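Under the heading active site, proton acceptor, TrEMBL lists GLU92. Taken from TrEMBL, the feature active site, S-methylcysteine intermediate covers CYS341. Under the heading [4Fe-4S] cluster binding site, TrEMBL lists CYS112, CYS116, CYS119. What TrEMBL records for GLY164, GLU165, SER196, SER219, LEU220, HIS221, ASN297 is S-adenosyl-L-methionine binding site. Residues or ranges marked as domain 'Radical SAM core' in TrEMBL: 98-330.
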Amino acid sequence: MSKTSIYGLTFSELQAWLVEHGQLRFRAQQVWDWLYKKRVDSFTGMKNLNKDCVELLETHFHMTTLEQEIRQESSDGTNKFLFKLADGNIIETVLMRFHYGLSVCVTTQVGCNIGCSFCASGLLTKSRDLTAGEIVEQIMHVQKFLDEKGKGERVSHIVVMGIGEPFDNFDHLMNFLYIMNDSQGLNIGARHITVSTSGLAHKIYEFADKDIQVNLAISLHAPNNELRTSIMKINRAFSIEKLMESVKYYLDKTNRRITYEYILLQDVNDHKQEAEQLANLLYNHRHLAYVNLIPYNTVDEHIQYQRSTKESIQKFYETLKGRGINCGVRWEQGADIDAACGQLRSKQLKKQQAAKK
Ligand code: SAH
Ligand code: SF4
C-alpha cells in the first residue's frame, strides 16, 4: 500500500477517514492540533492519541515527503528553498519579508506546460502535478523554519506564483487553499492568499463559483492578441476576449478586485501605445482592477528579452495612472539569489545534468 501525505487531507476528509477506520470523530481535531498548531514532526509525537490511532496513521500516511536540498538567504531577508520530492523531482519555494508580513510563494507543478517565452519555469515541460499535500508541506516547512528561530514569526500571506500553472492542477490547488484557510489549521485568511493564472479562462469561471475569498491574479503581459500570442502561446487557446468574458463573470459573481500582472520587456510590450491599450482594456472595470508592473528578471536562456529601462517603466506607470488605472511597480525581492520564477531550480537541474555527463 502506498502512503500519502497527511497534509493533503482537508479537515472533513480526515474526519471521514478516521471514522471509516474505526476512530472517533474528534480525533481529527487532535491530529490537526498536532500538525498545524504544535507542528510536530512525527505521529509518535502526537501524545494524546492512543497507540492504535498512531499506528493506523503511520501505516497510511507520511508526515514529510519534502527534503530540503538548498536554502539561500538574501541580504533583504528573502529565503529560497529547493526541495527534493519523494520521487527525486525538485521544486522551489520562496519566503519573502514585507512590511505587512511574511509571504510564501509556492510551486504547484513540476515544470510547466504553458511555455511562456520569457519564463524559466516553462523551459522544462511539466513532468507531473504536485499533490495538495506537497503544496501544504512547502508552507509547513517554511513555518517550521521560522519556528526554529524562536521569534514567534508566522507565515501570514501566500502567493501561488511559483513553478507551474495552478489552474492546470485545480483540484489539488483547491484542497491546498481550503487547508490553509481552515480556522482549525494555520488559519491564513483567504484575503491574504493570491492565486496567479496565465489565463485559463474556463477555470476562472470555476474559481468564481467556489465559496472561498482568495484573491485572483491574471498574468496578462500584453494588451492585444497579436502581442500576447507572440509571448504567451496560451493566448491561442484563450484569447483576450475569452479571458475578459471570464473576468466579467468573475467580477459579477464575486465583486472582488483582480490583479493583472504585466512584465515589462524592453521594446516588446513597454511602449506608450501598449499602456494606452491596457488602460482601454481595463477601463470599464477599473474600480476592480489593479495592475502590477513587473520589471523583467533576465533568464539566461531567453536572451531575446531585456528588462525595460527605469524611464520606460516610470512612463508606463504614469500613462496608466493618468487614465485612472490603479497600478504599482513590483521591485523584486532576493535579486542576489536567482529570484526569477523557476531560476534556482533550472540552475540546479543543469548542474545535475552536467554532473551526469
Ligand atoms: N503560472 C502562473 C503562476 C506562476 S508564474 C502564471 O503565469 O501566472 C508567476 C508570475 O511570474 C507570472 O506573472 C509570470 O508571468 C511571472 N514571471 C515569469 N517569469 C518571469 C521573469 N523572468 N521575470 C519576472 N516575472 C516573471
Ligand atoms: Fe508557466 Fe506561469 Fe511560467 Fe507561463 S509564466 S511558463 S504559466 S509558470
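Each residue, glycine too, has its Cβ placed from N, Cα and C.
Please treat TrEMBL annotations as automatic predictions, because they have not gone through curation.
A Cα-Cα distance of 23 Å separates LEU220 (S-adenosyl-L-methionine binding site) from the residue listed as 'active site, proton acceptor'. The secondary structure of SER219 (S-adenosyl-L-methionine binding site), as reduced to three states from DSSP, is extended strand.
Looking only at the binding-site residues CYS116, CYS119, LEU220, the densest Cβ neighbourhood within 10 Å occurs at LEU220. Taking all protein chains in view, 27 other C-beta atoms sit within 10 angstroms of the C-beta of HIS221 (S-adenosyl-L-methionine binding site). Residues ASN297, taken from the recorded positions GLU92, LEU220, ASN297, are distinguished by a CB atom under 6 angstroms from ligand 1. When Cβ atoms from all protein chains are considered, those within 10 Å of GLU165 (S-adenosyl-L-methionine binding site) total 28, not counting its own. Neighbour counts of Cβ atoms within 10 Å were compared for the binding-site residues SER219, ASN297, and the top value is held by SER219.
Under the DSSP three-state reduction, CYS119 ([4Fe-4S] cluster binding site) is assigned to coil, being neither helix nor strand.
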